[in-house]
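*Asks:* Take a look at the following structure, please.
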Amino acid sequence: QSPQFGEVMAPFPPSQFTQFEPPSLPTQAPPPPPTPKRRPWGAGGSGGARKRQRYVEKDGKCNVQHGNVRETYRYLTDIFTTLVDLKWRFSLLIFILAYALTWLFFGLIWWVIAYSRGDLEHLGDGSWTPCVNNLNGFVSAFLFSIETETTIGYGHRVITDTCPEGIVLLLLQAILGSMVNAFMVGCMFVKISQPNKRAETLVFSSHAVVSLRDDRLCLMFRVGDLRDSHIVEASIRAKLIQSKQTQEGEFIPLDQTDLSVGFETGDDRLFLVSPLIISHEIDERSPFWDVSRGQLERDDFEIVVILEGMVEATGMTCQARSSYLADEVLWGHRFTPLLSLEEGFYEVDYGGFHHTVPVRTPACSARQLRRAAARTATPTLHWSSPPPGRRRRPAGARGPPKSPLRRATGTLASPESQRG
């Protein structure tokens, strides 16, 4: 028989039991949960798939916005560059306002001088000598201001020599008008002649590839120039943008690492007449030394490529930029050739500029490929032999050999030791 409930609970005295009290309901709504902090770019961590944010867009625009800039006065210290960097609609607005405001300002002063001298009260008096002939109101004063600053000089409104304040104002407006012309025309000229649009005809391949070149893994991309006028002193650079954490625990977002594209050998200086394939050899100094195909698909990084040079037509420096995310790097692919020989010239087929073809490429990292090549390499054996005309020593002979050369049966010997 099963024990009764009282027998089971008998060893526990009633003092050890507390009376159950239902929890009291809150009198007001609970506070909202705290807003989660934004995770830094590239910080990793678990979670669903997220869209990779570019640091540099494919067209070269930097995807960075400056916020909380408190020292805005620094923009005014370099007002010329600030006006040049403005968008076209704002530049045109400032250009129009600069002239219109100066014309209105000096036109108002010319009208005040005529009003204070009483010229407007003696418009029909032939014996009265005004400061400015034929100035009969604010509109005519405004027109005279435009004629003075732009040096048009129609001849209908002319300043007289009996008005010293008008002569001083005429000199001041002529000097200030020249300064406004030089400043605004200079801004517009620099803005028009900027070589930013020249970069539109410098193209980069839509993907980068990783394949073997001379038994070495290389990261490659293609650049080209669509114009007949070439880029002089062209040079190429590549940067790896990837967040990392130091051994001390410091998190460095968007850390920049140089990718060698031939700086030591001069291959980074280009003669960009036809499309070129830029190669980064993955060696011990490369950040991709331990990256395999599987790890490349899981990594989160961006490769920024920068092409610089002088425009042949204008002599101004031009820069073109592009970038490749990790999913835009094709492992085991190679670019198709574009150059063909025609009758008396070479022809470039830009229709296949972005085309790649798959090739056999090991999926291991460059370090593992180097180790595998070292293990499978067969050393060259150099066997030493006695000089010509010298007898072999009989088997079982004792003592040092009479010849300085010793037969190294089954051992490695260098060719220099044979010649010694």
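Yeah, the Cβs are placed from backbone N, Cα and C, and that goes for glycine too.
Residues or ranges marked as region 'Disordered' by TrEMBL: 1-53, 375-420. The feature compositional bias 'Pro residues' is assigned by TrEMBL to 23-35. What TrEMBL records for 56-195 is domain 'Potassium channel inwardly rectifying transmembrane'. The transmembrane segment annotation in TrEMBL covers 90-113, 167-190. Among the features that TrEMBL reports, domain 'Inward rectifier potassium channel C-terminal' is placed at 202-371. Marked as compositional bias 'Polar residues' by TrEMBL: 411-420.
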*Asks:* When you scan the chain for residues with a C-beta under 8 Å from the transmembrane segment (90-113), skipping those not six or more beyond its ends, what do you find?
*Replies:* 83-84, 131-132, 135, 137-138, 141-146, 148-149, 163, 165-166, 169, 173, 176-177, 180, 183-184, 187-188, 191
*Asks:* How about long-range neighbours of the transmembrane segment (167-190): same chain, 6 or more residues beyond its ends, C-beta under 8 Å?
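*Replies:* Tertiary neighbours of the transmembrane segment (167-190) are 80, 83-84, 91, 94-95, 98-99, 102, 106, 109-110, 113, 145, 148-151, 159, 161.
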*Asks:* Summarise the domain 'Potassium channel inwardly rectifying transmembrane' (56-195) by DSSP state, stating how many residues are helix, strand and coil.
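*Replies:* So the counts come to 86 helix, 4 strand, 50 coil.
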*Asks:* Within the domain 'Inward rectifier potassium channel C-terminal' (202-371), what mean pLDDT does the predicted structure show?
*Replies:* 94
